[in-house]
């Protein structure tokens, strides 16, 4: 005669595994949500976030870039192209500053190499395009990005200053 395992039969007939699963499901059903409804809700960004590139200006309106070409030299993807000419006062300024965003790997080396904080990676990460040509940024577009995001860029650089 075989011995019957009553605990195993009780678990089977009382649907214990089912109720354990239902309890777990109800626990997560009423718990706070871990995800955001992205297009309508946005999460916080770190001050060190590396998004869309921008060229900055001084408060008097003059461009910060001194055409040292350190960012071009340090770029591992070779995404930056700079041409410069001397000005009447003897300083150099860029005549061409292009970034090929299809090559850029968002490493931040250009931002770290810049001695005057001219090139920065701003807080904007929503810059999808319909054509590849729109991802070739010229100097005018980079300066426009800098003007658009200057307040937030300056605040982020100030918050990051103790760690530089």
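Just so it is clear, glycine is given a Cβ too, placed from its N, Cα and C backbone atoms.
Every protein chain considered, the tally of other Cβ atoms within 10 Å of the Cβ of residue 114 ([4Fe-4S] cluster 1 binding site) stands at 20. Following the DSSP three-state reduction, the secondary structure of residue 114 ([4Fe-4S] cluster 1 binding site) is coil. The annotation [4Fe-4S] cluster 1 binding site is assigned in Swiss-Prot to 65, 68, 71, 114.
Residues annotated as [4Fe-4S] cluster 2 binding site in Swiss-Prot, with sequence analysis given as evidence: 75, 104, 107, 110.
Under the heading domain '4Fe-4S ferredoxin-type 1', Swiss-Prot lists 55-85, citing sequence analysis as support. Counting same-chain residues at least six beyond the ends of the domain '4Fe-4S ferredoxin-type 1' (55-85), those with a Cβ under 8 angstroms from any Cβ of the stretch are 91-101, 103-105, 107, 109-120, 139, 142-143, 145-147, 150, 153.
If you look up Swiss-Prot, you'll see 95-124 marked as domain '4Fe-4S ferredoxin-type 2'.
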Query raised in the report: So what pLDDT does the domain '4Fe-4S ferredoxin-type 2' (95-124) average out to?
Result: 95
Requested in this report: Could you tally the C-beta atoms, other than its own, that fall within 10 angstroms of the C-beta of residue 110 ([4Fe-4S] cluster 2 binding site)?
Outcome: 24
Report task. Would you pick out, from the binding-site residues 65, 71, 75, 107, the residue whose Cβ has the largest number of other Cβ atoms within 10 Å? Result -> 65
**Report entry** Same chain, 6+ residues apart, C-beta under 8 Å of the C-beta of residue 68 ([4Fe-4S] cluster 1 binding site), given in sequence order
**Finding:** 115
Report task. Do me a favour and check the Cα-Cα span between residue 71 ([4Fe-4S] cluster 1 binding site) and residue 107 ([4Fe-4S] cluster 2 binding site); whole Å is fine. Result -> 12
Query - the domain '4Fe-4S ferredoxin-type 1' (55-85), counted residue by residue under DSSP: helix, strand, coil - result: 5 helix, 9 strand, 17 coil
